[in-house]
Each structure stands twice: as structure tokens, then as C-alpha cells.
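Notes follow once the structure below has been shown.
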Amino acid sequence: MASDFWLIAGLGNPGSKYEGTRHNMGFMTADVLAERWSVNFSDHKGLAMLGKGVMNLSGRNVKFFLAKPLTYMNESGNAVASISAYYQIEPDHIVVIHDDMDLDFGRIKVKAGGSAGGHNGIKSIDRSLGTPKYARVRMGVGHAQRGAHAHDNTVNWVLGGFGPDQRKQLPEFLADGADAAETIIFDGLAKAQERFNGR
């Protein structure tokens, strides 16, 4: 029987050298949710830091798990699939938060299904769950310069940090990402898209 829990997974890379990098937008947004709903993380089978909480909005309570995979980005699916199988959480109750280079910094797009858009963490989750039909909160980090060394530029870009102006805007942006995940859970995907995608 499917669980009534939701699973929110914020993607990133573990370890201090990746803290505060563009690729760790998911981790940072998960930390905002953890603080907001008093979630404490502990180890899940060496695959993820996992916590459990209850959200209360508009007089409704929703139980959820909050995960930060420890597998490194490209194997994120191992962690998400393990947690969803262990706790019997269906894909339609999964929200994944991740960085997205196709969106300018500060923009958020909510979607379910569709292409992984070149994001290796999403490709891994699609593969491990056997479906792309889960909700995603795409957090814009802007684009590396194209050119002869496009791949290297991209890697350096996502593993780089934010400039001073962006750092100032980051707390509000992360709070918006957390709001987007909550809106999906409480009001549904279409409402979340209406609220966040047009900004």
C-alpha cells in the first residue's frame, strides 16, 4: 500500500568543497525546509541524509521525508529510489529540487515529467525510478559561456560559487524554492506552476 508521506529530495554533492556551489541549490533549499519545519537529518543506509517532519499549512497537516542524497549528483537516483521503495512512496508524491542552467539566476520553474534537460542527477532519478513522472522544482543558476571548452566551462560553472550580488539574493531565492515545493504538495502542480513559472 502506498504511503501518505511525501518525499522531497534536494540534490547536491556532499562534502565541504561543494558547499555553496551552484550545483548544490537543492541541498540549500532542503536546509531551508529543514529549518522551517524542524527536521533533523540522520543517515539512511549511507545513501542520503534523511529527516522526517510534518508541514502545517492552511489548517492541513502533511507528513514528509526530506532527503539530501550523499551519492554525488550523478547517482542521486540510487538514494531517491531506495527511500521511495523503503517507505513505499509513489512517484506522484516525490518532489525533487535541483539547479538548472537553462534558467536565469532567481527564476524557478515547476514541472513534472519531460526531459532531464542534460541534468545528470535528474537522468539518474528517471533511470532508478523507471519514470520521469515526479515533480521538479528547477532553480535557475544561469549559464556558463559557450565556446570551444563548453563542457569544462559547464563543470566549472556548476561547481563554482555565487557572486556578491547573487549571494545577497540567495536567501530569498531559496525561500521561494521551499515555497514552491510546499505549493506542489498542498495545492497541486498546476497551482505551483501558475504561481512560480511566470515570474
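Glycine is treated like the rest: Cβ placed from N, Cα and C.
With Tyr18, Tyr72, Asn74 listed by Swiss-Prot as binding tRNA, the candidate from Asn40, Asn120 annotated for that site turns out to be Asn120. One way to see the shell of the tRNA site is to take the Cβ centroid of Tyr18, Tyr72, Asn74, Asn120; the remaining same-chain residues with a Cβ within 8 Å of it are Asn13, His23, Thr71, Met73, Glu75, Ser76, Gly121. Between the CA atoms of Tyr72 (tRNA binding site) and Asn13 (site 'Discriminates between blocked and unblocked aminoacyl-tRNA') there is a gap of 5 Å. Neighbour counts of Cβ atoms within 10 Å were taken for the recorded positions Asn13, Asn74, Asn120; the minimum is at Asn74.
Cα spacing between Asp99 (site 'Stabilizes the basic form of H active site to accept a proton') and Asn74 (tRNA binding site): 13 Å, rounded to the nearest whole number.
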